[in-house]
Amino acid sequence: MHAELRGAPETAASRWLLMMLALILLGVMHIVLPSTGGSGADLPEPLLVWCVLLVAMVGCAWFLRHQRLRSSPFLRGMALAALLLTLPLLWSPSVDWRLDAFPRLAGLWAGVAFYYLLLNCRLTPRQQQTVLWLIVAATLIQAVYALVGIGHPAWLPLPAQAAQRQSGQFAIGVFLQRNVTGSFLATGAAVLLWLTADGRFTCRSVTRERYRQWASALGLGLLYATLTLLKSRTGWLGGIVCWLMMVTIFLFLAVTPLRRARARWRVVLAPVAGVLLGLALLSVSLLNALHEHDGSNLERVFILQQTWNMILQHPIVGWGYGGYAWSFAHFVADSIPPLSRRVPGLTYPHNDLLFWWVEGGAVALLGLLVLGVSGFWLLLRRPGVRQLALLACLMPILLHTQLEYPLYQSPVHWLFVLILVNLADRCPSGEQTPLPAFTAPSTRPVPCALMILACYGALLTGCAFWQGHYLTAFQQSPQRFASRVLRLHDIGIGSERLRKDRALSYIIRYQSSANVEDLEAFNQIGRRWIAVWNDADMYNNLINVERYLGQQKNARALREEARRLYPEDRRFSS
């Protein structure tokens with residue numbers, strides 16, 4: 001490799017971090033486990049990735065325990081943004097709503113802590129390049145996985161086959177969602193475009209460099225062909241934007257030595273060849289693939305309109321963290337004049353900016369602005385080739401956050417963002433930027449505190465992973481595992497699923513015990529559940545239990561509420 005890659009010495013912390021990133025990106029994130037569908041904490045795979053990532057943080061903090069930890073302007077801006085984004089939790093009107101928002105905020109602060117440790121691990125230039133190749137390798141593995149899922153689903157592992165049967169054609173890749181897979185592949189394609197075009201990544205050996213270039217071209221073709229076959233507009237948008245940015249950077253802005261001209265033309269032609277191959281293999285025409293999304297287009301416009309109307313009603317304080325699902329459903333149901341469209345199962349407005357704003361109000365919006373300004377100041381303060389290339393690598397995920405919620409569904413997407421931003425927060429030599437930096441007053445307390453918090457987070461995530469195993473078993477065999485579910489404790493991760501299954505467990509236990517207290521316990525948990533989330537079956541069960549207990553007034557009130565939320569459900573119209 002380039003001579004500059006032989007510079008700074010490796011540290012124990014950087015070697016540990018690199019090993020754990022390799023474990024996550026080449027192994028853990030590709031494991032498919034039995035589940036009953038869902039997203040985020042409802043799936044075992046994200047919990048497993050979080051658990052390993054927190055263990056990695058424990059190791060980093062341990063190796064850094066004797067060092068003076070340093071900060072950077074971006075890290076301070078990120079911490080201030082996280083603080084502002086957390087403040088609205090104080091005035092969220094419901095304890096259960098705050099509990100529902102806990103995993104999101106915990107993931108945010110875990111990201112701040114990981115970035116702090118990543119900044120102080122001081123990856124050498126060679127290690128930084130290795131991390132970039134790990135990202136590419138992870139996306140290539142997922143590209144092959146997605147192609148198998150599209151063309152030969154019978155070759156997938158049995159848990160993946162079951163998930164794909166349950167979720168249909170959209171459950172592509174280990175993320176079980178084609179748009180999340182699409183933005184993941186587009187990010188890997190952007191990184192590979194950078195590695196292919198930038199002369200700083202060339203091999204010293206001419207032969208090895210030739211092999212590397214052709215392998216990169218094949219990888220780009222594979223990634224763009226897979227993106228085309230996914231029929232994910234999010235993936236298409238991310239792939240096109242990052243390709244256009246990279247072509248502009250390396251063909252028009254960067255100085256192009258003659259010996260690199262061929263490599264840079266591969267950046268132009270390999271993705272085009274991949275797209276053409278994907279179009280040739282598509283089962284439908286490109287126009288028909290676009291028309292498949294017409295229904296979701298109208299629904300998204302409706303969701304964005306109503307979310308904006310909610311913001312206009314409470315622009316300063318917001319509606320309360322953790323309450324979007326309940327608030328949106330009731331806002332639409334209570335609209336005057338009544339709206340014909342309903343989206344009662346919605347949990348997210350398909351736009352991260354609006355999501356934080358509608359729940360957290362002006363303070364949360366200010367936090368997002370601080371984070372955005374800090375990031376763009378870091379990347380565009382001195383917009384060299386490296387900074388612009390990293391911005392192009394970030395674009396697929398940044399665009400996806402304005403269309404869906406990839407950072408909540410996939411911790412690997414959040415990890416990618418932190419790694420890529422961190423690479424911009426350093427000099428090209430790999431050392432930290434010589435900007436004014438805060439120095440911790442002691443060498444021990446900060447890393448020790450981070451180590452303790454990461455241990456606690458790993459324990460919580462491990463417990464949630466273990467509980468998820470029993471919840472999956474319960475949903476597959478309710479009679480056998482109902483008593484086990486009743487002994488589980490709510491730890492704040494996966495609360496929606498746990499509380500719902502605990503409520504149903506009381507009904508199952510009543511069927512064998514005939515103890516009215518079980519029905520009353522179901523009533524109590526079920527009412528708390530519908531005060532946060534929405535589900536027609538839960539309303540129907542509560543109505544039937546209230547009637548059985550002789551509480552006709554309560555049953556009528558619940559039926560009236562359910563009728564407004566689900567006007568097309570015949571169970572509530574009689």
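Quick reminder: no glycine exception, Cβ is built from N, Cα and C everywhere.
The transmembrane segment feature in TrEMBL is assigned to 16-35 (among others).
The transmembrane segment annotation in TrEMBL covers 47-65 (among others).
Per TrEMBL, transmembrane segment is recorded for 77-95 (among others).
Through the fold, the transmembrane segment (101-119) approaches residues 13, 17, 40-41, 50, 53-54, 57, 60-61, 64, 69-72, 75, 78-79, 82, 85-86, 89, 92, 321-322, 359, 407-408, 411, 414-415, 417-419, 421-422, 425, 432, 450, 453-454, 457, 492-494 of its own chain, all at least 6 residues removed from its boundaries and within a Cβ separation under 8 Å. If you look up TrEMBL, you'll see 101-119 (among others) marked as transmembrane segment.
Nonlocal intrachain contacts for the transmembrane segment (131-150), taken as residues 6+ away from its ends with a CB within less than 8 angstroms of a stretch CB, comprise 18, 21-22, 25-26, 29-30, 123, 156, 160, 164, 171-174, 181, 184-185, 187-189, 191-192, 194-195, 219, 222-223, 226, 229-230, 412, 416, 419, 423. The transmembrane segment annotation in TrEMBL covers 131-150 (among others).
Sequence-remote contacts of a segment are chain residues at least 6 beyond its ends whose Cβ falls under 8 Å from one of its Cβ atoms, and for the transmembrane segment (170-194) they are 29-32, 37, 39, 43, 45, 132, 135-136, 138-140, 142-143, 145-146, 149-150, 160, 163-164, 201, 216, 219-220, 223-224, 226-227, 230-236, 238-239, 242-243, 246, 267, 271, 389-390, 392-397, 399-400, 403-404, 406, 409-410, 412-413, 416. The transmembrane segment annotation in TrEMBL covers 170-194 (among others).
The transmembrane segment annotation in TrEMBL covers 214-230 (among others).
The average pLDDT computed for the domain 'O-antigen ligase-related' (220-368) is 86. Per TrEMBL, domain 'O-antigen ligase-related' is recorded for 220-368.
Within its own chain, the transmembrane segment (236-255) is flanked in space by residues 182-183, 185-187, 189-190, 193-194, 197-198, 223-224, 227-228, 264, 267-268, 271, 385, 388-389, 391-393, 395-397, 399-400, which lie at least six positions past its ends and keep a Cβ under 8 Å from the stretch. Taken from TrEMBL, the feature transmembrane segment covers 236-255 (among others).
The transmembrane segment annotation in TrEMBL covers 267-290 (among others).
Outside the transmembrane segment (354-380), and at least 6 residues removed from its termini, the chain residues within Cβ reach (under 8 Å) are 73-74, 77-78, 80-85, 87-88, 92, 101, 304, 307-308, 310-311, 314-324, 327, 348, 387-388, 390-391, 405, 421, 424-425. Look at TrEMBL and you will find 354-380 (among others) tagged as transmembrane segment.
Sequence annotations record features per position, and here TrEMBL assigns domain 'Virulence factor membrane-bound polymerase C-terminal' to 389-571.
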Should anything in the same chain at least six residues away from the transmembrane segment (77-95) have a Cβ under 8 Å from its Cβ atoms, list it; otherwise answer none.
101, 105, 108-109, 112, 115, 317-318, 320-323, 356, 359-361, 363-364, 366-368, 370-371, 373-375, 377, 531-532
The transmembrane segment (47-65): which same-chain residues, six or more beyond its ends, come within Cβ distance under 8 Å?
11-13, 16-17, 20-21, 23-24, 28-29, 31, 33, 41, 107, 110, 113-114, 117-118, 120-121, 411-412, 415, 443-444, 447-448, 450-451, 454-455, 457-458, 461-462, 464-465, 468, 493-494
Could you tell me how many residues in the domain 'O-antigen ligase-related' (220-368) are helical, how many are strand and how many are coil under DSSP?
109 helix, 0 strand, 40 coil
